[in-house]
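Below is one structure; the comments refer to it alone.
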Amino acid sequence: PPPAVRGGSCAAVRHPPLMQNTGAARGGKRAAPAGAGAGALQPAKLSRAELYKPPTSEELSQLKETEDLFHSSLLRLQVSRGGPGSRRWPRSAPLRLTDQAWLPKGVKVPFLQVPFSVKGRFRFVPPTELKVVGSYLLGTCIKPEINVDVAVTMPREIFQDKDNLNQRYHRKRALYLAHIAQHFSKEKLFGSVKFAYMNSNHLKPILLLRPQGKDEKMVTVRLHACPAPGLFKPIRFYPSKNNVRTAWFMEQSTPKEGATEPPTPHYNNSILCDTVLLSHLQFLSSAATDFPGMKDGLALLKVWLNQRQLSKGLGSFSGFLASMLVAYLLMKRKIVKMMSGYQVLRSTLQFLATTDLSVTGISLVKDADASLPVLDDFHQAFEVVFVDPSGLVNLCADMTASKYHQVQFEAKRSMEILDDRMVDGFQVLLMTAKPMLRAFDHVFHLKHVSKLQGACKKMQLLNELMDRGGNYVAAALPFIVSLLARGLAGRALLVAHSLPEIPEWPIDAEPPKHKDVGPLMFGLLFVPEFAASLLEKGPQADHPEALDFRTFWGEKSELRRFQDGSICEAVVWEADTVYQKRLIPEQIVKHLLKLHADIPESSICYMGALLELSVCPQVSGTGEEAMVSVVCSYDDLSRKLWNLKGLPLTVTAVQGVHPALRYTDVFPPIPMKPIYSSYNRIRTKHLLLPLEEKPCPAYIAPLKIVCHMEGSGQWPQDKGAIKRIKAAFHLQLAELLQQQHQLVCRPAVTHTDVYKDGYVFRLQVAYHRETLILKEVVTPEGMLKYQDTEESRQLELETLHLPYLTSSLHGLQQQHPVFGSTCRLAKRWVSAQLLSNNISEECVDLLVAFLFLHPAPFTPPSSPQVGFLRFLDLLATFDWKNNPLIVNLNAGLTGEQAIKNRFVAARSRLPVMFIATPKDQWSSMWTQEQPSAQILQRLLMLASESLRAVEEQLMDPLNSQDVKMVFRPPLEFYDVLIHLNPTQIPRHLESVDRPLKSFSRGVVKNSTSVKILFPVVDYDPVQCYLQELRDAFSDLALFFYDKHGGEVIAVLWKPLSFQPQPFKVSSMKGRMVTTLNSELVCVPNVEAILEDFEVLGEGLVKSVEARTEKWTI
């Protein structure tokens, strides 16, 4: 008896080999008896021995493939046979190419037939063979998209002699696919049948088939039509040859006399690509045999490309290109078959980083053949050159030089990251997405791509248009990018563009037009030192290059005399504030595109700094200048303090601690002078008190400065005595500053306020041993020991840690000019979300510092907006639970691993948000108390939502950008809202949406007055009210407020405090007695509490609105 059929596998029952040339012999087994129905397949006759012999390795691999991918042999058979009954597809009668009435209504030709009239005839004949090609067979497919590429060979008999000309081949190919699509659309087997452009190239439609049911998302079969082998002579398609006639393209009846036809290299390349599909597969599979590392290396490379948005669209660095590059490196022995996936990734990135294919192309041709075109021919025709093994096809034909330079830049950056011991390279390179919005300092959109038609006209790109089949986006893009790159040379490291991408479409729809790629996006990466320079200096007036410079810059160029006496062409840009200087690139972009490409300013949506303006509505610019003048005034005051005569001890150090002195204050103080009519004057004490009937006076922030006094044996060793000595110093400092520098001072026990240049500085004397003395504790046995107390901690923070942090961040601002503005945006956002009381300013400053000190995989931000987007991303994606955030200020840390190990060991005792710095490695002092786990959770959720919302707006140039949206907090989350009276909010003008009505706040802007009466400093009634609320009700509720002019205090009840408590006289605050199950219990008396809110805030509170009924017990 025959052996048992093994395991029910279809291997045992021999199907005719599936992937063989299904049409190889039209005779043979196929010749059926006349009665058997003309094209029906006959079962193959196999002897018994043949039927049960063990499967060959090839068949086993096919079975594996069937099992993995097709879930059934039936589907496999049908795809490989071209669908059920493909042999019975009727041949059609030959018709003119333009006669397309035979197509049924449900299918449109997937090709833009412009101009429509073309010679040639077409008829449908079933394909001669189908072959699986592409990455699926090599096993280098990566999710999420599994594509199986099938090459459908069109028979020779449907072609004619001159099909290489005037898109005839392309149109036949499109009609052929349309015919197949029409048949497949009737099959129940396929869930969807659609058209797409291969790599978004309009000349190359393909057919997409997806299985029915739940597998539809799993796999896509892509049908590529290709010509019968040997149909075309390769020499016709060399890069220098012409295959599109001008007269035909321009629809002229006769060609011009004596005009030469331009070469059409991209057109030629698109036909050649179809002829080499199979040879590329063979080439790659020979590279991949016995090379397991290639599979892993390619998977890593593809992920790397996907994360950088480089692998999809017209002119992308596709996965196929990556495979060919690895094969090239193998051929050149830069990679050997012993290597692991990681080594393959490294070697490939190293090669990309060091080789510029736009200057020196590479070729996969093994043996030189004199008849083939040389690399120089390719360089003349294409921007980037990588020639395939046949020596005919440029694999990078559609890539722009700019896109390759971006790939090169990314590879260089990635090599630096892989070599950096401090960075987790895998996480950073392969797990972090780099969308253009977060990777580039400025982005702008070309809103209306159709404007590039005019650009092609202006730049005289007719030849390019013919070559690209009328695709004006592809024709103009390389010229637009190189124009911008020249205009921004010196300012920008990189000028990049998004890849034009066209989505698939249903077979009954018209094919997408060129303008359907949607807005194009450009990204600029700046050289921070030169990005904002006002001057473009050109050549000397008498040099021949001067004319070229004038032509390039147009009427903006003018002659100028420089200090060294030379007279040169130059362009000077208008910009007064730091903010405007950052936007000089916008002026350049708009000017050059208008001048050279006829693109109007209205078509350019420049998104470089939308966020900055919306948040800092300072009178002049964004307040960066105000910050500089504060720092200048502080420097002058510290010099005066150093040189004071008549102090018993000298000043050893003066250190600023206010955020304005490290450039990170959201709204830097503006020089003020009080208007006396708004105040009640107390002459005897030279003081002003606010009048009750007037609006609350403007908030005057005291700028805190720590004054360290030298040590001496005369200092007492008792904490009470030290405080008195410090008070004496405060009095004496005030007296001496008044005598020697005529500054108005107001001493107090704990500090002295100094009015200078319109600012109020608050001096606080410090003695270096005081913290130690505060730590002294005497034990009952009379022993003296040292331990941290609340008081000593607070003093250490104010006199030691804060000054160090301020000076470190001040230094960071000198290296990265946008650090301060990024912090200010971040803090404004935190405050706008009502969380400024729950996360300290210092904590936000450190989070932002992390982005500048550890930017991998990016470069440090050079615009506040991109810094802010990365801040939101850091908050939302950092794993706070399992990792400490290590901020290496002044490069003072070496043992990062030790911090991580210690962190893991002590996790449960540490704050939920742990930030380590060189001077604070174990305690995370800035996040010790706040935020709590719930607040951190809320912060992360708000950050990820805000990031999504703001990126959505920045990516959508066709709608109006209201980026302030993410600075308006959602209030539906809270239980009670306390509405405040705007006249009593001193910082009312700082709110996100500028109030329509403003009040006179009793001050005028003035930095020159010397003799004044002292106004009330640091007076914000809302903060006083909040403090009272928290003191009274912190066990029952949480209070949230935007300190920058918020009109609402939001209240959230604590759920635990609403559980009934047993009755105790001592714990009756805010509670009332009630009976529950015949027992006396206390529950919060909500009505009375709400009334208390109003009573406590009389004159400040407008109304109390109870939003929810959550407190019903």
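Every residue gets a Cβ built from N, Cα and C, even glycine.
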Among 1-40, 161-200, 761-800, 961-1000, where does TrEMBL put the label region 'Disordered'? 1-40
With the domain 'Nrap protein' (816-969) as the reference, which stretch in 148-288, 294-432, 437-597 has the largest tally of C-beta pairs below 8 Å? 437-597
Recorded stretch, among 148-288, 294-432, 437-597, 971-1104, maximising Cβ pairs under 8 Å relative to the domain 'Nrap protein' (618-814): 971-1104
Residue counts for the domain 'Nrap protein' (294-432) under DSSP, helix then strand then coil, are 73 helix, 5 strand, 61 coil
Residue distribution over DSSP helix, strand and coil in the domain 'Nrap protein' (148-288): 59 helix, 31 strand, 51 coil
For the domain 'Nrap protein' (148-288), the averaged pLDDT of the predicted model is 88
